[in-house]
Amino acid sequence: MTRILLKNKLDDCIAAWQKAGYSVLAPVQRHDMSSFDEVQKGSDMALDLILTERTIKDQFFPQTEPLIKYNISKKEIASETMTPPDKKRVFFGVRPCDASGLAIDDPLFGWDYKDDYWFKRRENSVIISIACTEADDFCMCTSVKLSPDSTKGADVMLRPLANGNGWQVDAVSDRGTALLESVSSLLEESSDEAAPVPQVAEKFDVEKVMEWLGDKENFESQFWKDISMRCIGCGSCTFLCPTCHCFDIQDEGDTYQGIRRKNWDSCSFALFTMHTSGHNPRNAQSTRWRQRIMHKFNYYRGKFGVNSCSGCGRCTRQCPVDMGITETLQAITNLPR
Amino acid sequence: MIYTPFPMRVVSKRVEAPGVNTLKLEFVNQEDHEFFKANYHTGMFGLYGIYGEGESTFCVASPETRKDYIECTFRQSGRVTTTLANTDEGDIVTFRGPYGNRFPIEQFEGKNLLFIAGGIALPPTRSVIWSCLDQREKYKDVTIVYGARTVADLVYKHELEEWKQRDDVNLVLTVDPGGETPDWHDHVGFVPTVLEQAAPSPENTIAVLCGPPIMIKFTLAALEKLGFTAENVYTTLENRMKCGVGKCGRCNVGSVYICKEGPVFTAAEVQAMPQADL
């Protein structure tokens, strides 16, 4: 027997959380774009999507984040530090790859200097992950040693019932236990079986990839030039990635007032590393693509003990030139040794 | 919050060379100053900014033995540095830091010190020089080799004069061929060549080397010829930075974040990095 949440109790569940002061966010399809956004009832949710086009990362590390508001007058400069809204949030129906992405980025935003903007949102949020019942050709969670029902980064795990009536519900963290406590009257015991998770074939051998990337001899290999030839440096893969975290800090406004903002940036762009002198350490698209792959599967692991990829496959799914990380990692796997 | 800077008041401004200025900044708030005093060590850097323009990264050019103020020296080249260069005494600018690692100057005690700098790279070197000269008794012979493209491009001219007068400092000045003036009585030649002629002994000596990449490359070769080992040569690396605290993802060379593990490295550490990414 496990606890289940029936679909016809979902609206009550949302209402109970709202009453307890939470906003509820879930996958929604609006116009041509699917993303995580606030919902009022179960029918607002697009839980059938294999994956939202935009990642849950947007809700923790927004595309643009106001840091400091400033006003400049003849006499003085007034500035005010801006903080993220102090709002408790429940994320319902997060795919395991997106939830893992948050857990992967935690050490980066926390090492030595703690990024308050990230952690304030993290500490105020409860992640309810949902196991996948379907995968597409781009999914690659198993290739990075995760799975369609991984609980990494989750506070509560949902497993869709085979009969389609609801979900098995398990708390996987203290925060999750507390959240379920608040709706315990809406849950019931049941022996209904969970739907099977999909088979996601391994697309590359991550051990082989890591070994090849770790060999200093390969840093200046012709491989990088050949494999990145198609890359147009648009940055889509980085913006749609649940773990990419690079940003810029810019003052936006007029002469007298404005806001200093933390904006998404991308290692795909030439300006990203350009010095004032004109010298650019990563002066070709191939060196920038190499940086992206090395960062994800070598440098990040060295620093934080985990690869900076959760296998969602968006980089490949949405790439305008049909490139993405998968192809590069497959090619590395298949290189003659 | 993590990206909130300290307000700083410009107390003086000095033109060092064409397009190169030094600002002397004082903390507006006592608590910010206390934080700086508790955390600053020679070699660390900061992000200097002006609201409406943004932030730029450069070293703290004043030594850890003088923490009542911050001096920064920069070449006017973009939006932020141009606006900083045009500030007046009393204006408010911002500072985030001190960030990064430091020169391990306590490990230099009891040793001869050889400082080598080129052009606008004297400021980071100068921070170490003064840290050591302010505790002169702790160190043995001090040699400073400094070169610039032209006589006009030499920065801290008043301090060069001061070092020249001191009998406990051996100052070797040079300008590139063609950069001399009729009344120039020091060396003419590139830093690596002049260094080889001066031939300082590598025996019990630490070298601190800062300059443009091309100068570093040839000077390292000259140092090697003189018998210096890469472990005893310290240098600083600079890359474009936005956060300064290991988050924004751009200043790394290979797996090394310049803002966190640097900017101070030994030549041996730099040689271990992927050279194609420098």
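Keep in mind that glycine also has a Cβ here, set from the backbone N, Cα and C atoms.
In TrEMBL, annotation is done automatically, which means it is predicted and not curated.
Per TrEMBL, these features apply:
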{"type": "BINDING", "residues": "B:Cys243, B:Cys248, B:Cys251, B:Cys259", "note": "[2Fe-2S] cluster binding site"}
{"type": "DOMAIN", "residues": "B:3-105", "note": "domain 'FAD-binding FR-type'"}
Fewest Cβ neighbours within 10 Å, where candidates are the binding-site residues B:Cys243, B:Cys248, B:Cys251, B:Cys259: B:Cys248
Chain A contacts among the binding-site residues B:Cys243, B:Cys248, B:Cys259 (Cβ under 8 Å): B:Cys243, B:Cys248
Counts by DSSP class (helix H/G/I, strand E/B, coil) across the domain 'FAD-binding FR-type' (B:3-105): 18 helix, 46 strand, 39 coil
Secondary structure at B:Cys243 ([2Fe-2S] cluster binding site), reduced by DSSP to three states: coil
